[in-house]
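Asks: Structure incoming, see below.
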């Protein structure tokens with residue numbers, strides 16, 4: 001009989017969030033009276049706003065008409081949406097390299113696109129990740145065979161770039177492996193830290209110097225409020241020849257369940273032999289993908305109307321206000337933390353304790369689910385990620401309960 | 001600078017359908033007056049039916065309400081939909097092995113799931129495909145590294161199983177590679193041939209004997225009208241320990257653009273070492289996928305209501321009636337063909353000519369786009385696939401024009 005793919009055997013335990021869900025279920029089984037509030041998974045909670053939802057409803061309705069019906073579209077997405085994304089999210093940003101519509105590829109979300117990017121680059125490429133980082137960069141690299149088994153502190157072949165309080169959550173980039181992939185997320189999940197223009201400039205230079213390609217995850221860009229912080233890597237000169245940007249409608253407009261994202265692959269990005277990465281990405285998308293849902297794409301179009309953009313701003317403001325509540329509660333408790341000002345996550349430090357231990361304490365003491373920092377990588381140990389996605393009254397109640405930690 | 005992934009270099013030319021679209025555009029540029037009818041890509045053309053569309057509209061509308069909003073769901077899909085698929089498509093079929101809800105994984109479509117299955121099994125597994133076959137089995141295997149470069153007649157490492165008029169489009173299974181993957185599609189795309197119960201029993205036995213796993217693509221099962229033909233591989237005893245079934249809402253209810261499918265991975269399917277394939281598939285789906293669109297899933301639920309099932313039957317009847325028109329036209333022209341009775345494709349033979357040559361003739365003479373059989377594999381040479389997806393009046397007009405081929 002066929003043997004198991006050894007890459008799968010290399011992956012340890014379960015994916016982080018199903019593991020958290022399991023522990024929550026186990027706690028509820030023992031304490032059925034507990035009214036748990038989740039500040040764990042970064043799952044949006046507020047309804048889709050009126051103008052954007054009308055786009056979805058209209059998209060669904062038109063499919064029932066002969067004129068409005070569409071079957072397979074272009075795997076790369078609707079031209080109108082590609083153009084609008086280029087214009088709204090890039091070409092109107094200060095100092096951004098002009099992005100053409102055929103450099104924008106619409107997808108069913110950032111996580112799925114990252115999986116396909118790993119297929120694009122294959123198994124022979126060294127991988128660097130921020131530590132801590134969003135699990136798919138590492139787990140997906142293990143699946144494709146670009147990383148080996150867990151060695152007790154990390155996966156073999158992954159170059160971890162620790163982001164700690166000591167370096168202000170921006171890693172030392174001096175020893176990037178040659179000709180590799182560098183995953184970088186800003187605003188960061190899980191730390192909530194946002195890289196400055198100077199830091200991103202240093203990042204692009206280090207990536208160029210090492211002959212690498214940067215996979216820049218900008219899924220939280222719409223949470224940036226400080227005007228001096230770049231929202232796209234393409235605001236940094238040189239990125240157009242060394243970077244790919246992954247982005248998503250999930251967090252700015254609550255499309256986590258609707259599934260819509262995009263990836264920018266500049267036509268100026270080439271491999272060592274001069275072949276076009278954009279053309280290869282197109283081949284990947286047409287071969288093992290069939291496009292995002294047309295209904296979701298109509299919703300995306302509505303989101304980029306002036307009314308939709310206003311709603312996007314209001315929704316992200318709402319979650320940022322939640323973040324401020326959590327952050328000020330933690331500060332009152334004298335728990336060191338970062339993030340929450342230009343990002344919907346707060347990263348809190350509990351020195352001397354393991355993350356899962358703190359997770360259990362908060363669950364048992366406060367009936368609040370969080371995310372253990374160690375789930376994001378070795379340097380996440382002793383940290384807890386608080387997510388600001390929740391109904392306001394739940395956040396306020398959770399903050400009240402968190403004050404029990406003072407005792 | 002990072003070098004190109006050699007797996008991509010191994011893939012030849014473009015994906016089939018973008019290539020056809022390109023030739024069509026080029027023809028139109030030269031003949032702007034041509035009113036082209038497409039019998040090429042298997043793209044549905046009829047509006048989504050009322051009850052099912054109401055499910056989509058309602059699904060979109062509820063997302064704007066606090067009670068109805070949902071963000072990330074389970075990556076495996078909504079429990080209600082998993083249960084309903086198990087019940088409607090499997091557990092009510094004669095002789096079908098009972099399928100549990102947690103053996104059903106909801107996805108954004110069969111093509112995408114096949115790509116992820118290739119990630120599941122990795123690069124060290126020998127691959128057998130029907131020849132001709134749907135491109136993603138082969139192209140995806142090349143991308144993951146399970147197949148090597150094109151050697152002039154096929155890809156290195158792919159075991160082609162010719163399906164020809166001589167063997168009645170059912171392959172010789174005597175020499176399957178040991179411990180491999182066997183892709184099999186019935187009703188078949190592109191030939192339209194449907195395997196009988198005896199043939200599928202022989203297939204399962206051959207797969208078992210070779211220690212392989214069968215990836216059974218049943219995306220056209222709802223086009224089966226002959227009651228003696230199995231609609232699922234799990235109607236064949238033994239399949240539960242050697243088969244995975246991939247399926248889709250695209251062709252039965254016109255969801256090609258909406259994106260919804262599913263894959264059945266029985267819990268009784270294990271690797272050589274006894275590890276569960278179902279558990280590994282769950283890991284793949286939670287790691288590089290984030291679930292199908294929730295709106296699409298609400299549409300899927302509506303499709304499995306009694307009204308939805310009736311609409312599904314009417315829609316597939318419509319396309320089957322188209323298929324009968326095309327088939328009888330070809331028969332009148334004395335062009336040998338198969339399919340079109342329990343499948344929406346007709347596979348026509350033009351001995352002594354290349355497929356692209358016939359494609360060009362039909363495009364130039366009839367202004368009809370078809371699909372060249374050689375695009376589906378070496379044994380597809382000299383064949384043309386006619387798709388029955390089209391408005392009735394276009395099919396009738398295309399058939400009239402096809403009669404010009406007699407001259």
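Any Cβ shown, glycine's included, is placed from N, Cα and C.
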Asks: Based on TrEMBL, name the residue from B:167, B:282, B:290 that is recorded for the same pyridoxal 5'-phosphate site as B:72, B:110, B:111, B:134, B:189, B:220, B:248, B:249, B:250, B:259.
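Replies: The record-listed residue among the candidates is B:290.
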Asks: Count the Cβ atoms, other than its own, that fall within 10 Å of the Cβ of residue B:134 (substrate binding site), considering every protein chain shown.
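Replies: 23, counting other Cβ atoms within 10 Å of residue B:134 (substrate binding site).
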Asks: Are any of B:72, B:250, B:251 (the recorded positions) within 10 Å of residue B:290 (substrate binding site) when you go C-alpha to C-alpha, and if so which?
Replies: B:72
Asks: Any idea of the Cα spread of the pyridoxal 5'-phosphate site, B:72, B:110, B:111, B:134, B:189, B:220, B:248, B:249, B:250, B:259, B:290, as a max distance in Å?
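Replies: So the maximum pairwise Cα distance among the pyridoxal 5'-phosphate binders is 34 Å.
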Asks: Per DSSP, residue B:385 (substrate binding site) is which: helix, strand or coil?
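Replies: Once the DSSP labels are grouped into three classes, residue B:385 (substrate binding site) ends up as strand.
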Asks: How many whole Å apart are the CA atoms of residue B:248 (pyridoxal 5'-phosphate binding site) and residue B:189 (substrate binding site)?
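Replies: A Cα-Cα distance of 14 Å.
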Asks: Suppose you look only at the domain 'Aminotransferase class I/classII large' (B:35-402); what would the mean pLDDT be?
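Replies: A mean pLDDT of 97 is what the model gives the domain 'Aminotransferase class I/classII large' (B:35-402).
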Asks: Around the Cβ of residue B:290 (substrate binding site), how many other Cβ atoms lie within 10 Å? Please give the count over every shown protein chain.
Replies: 24
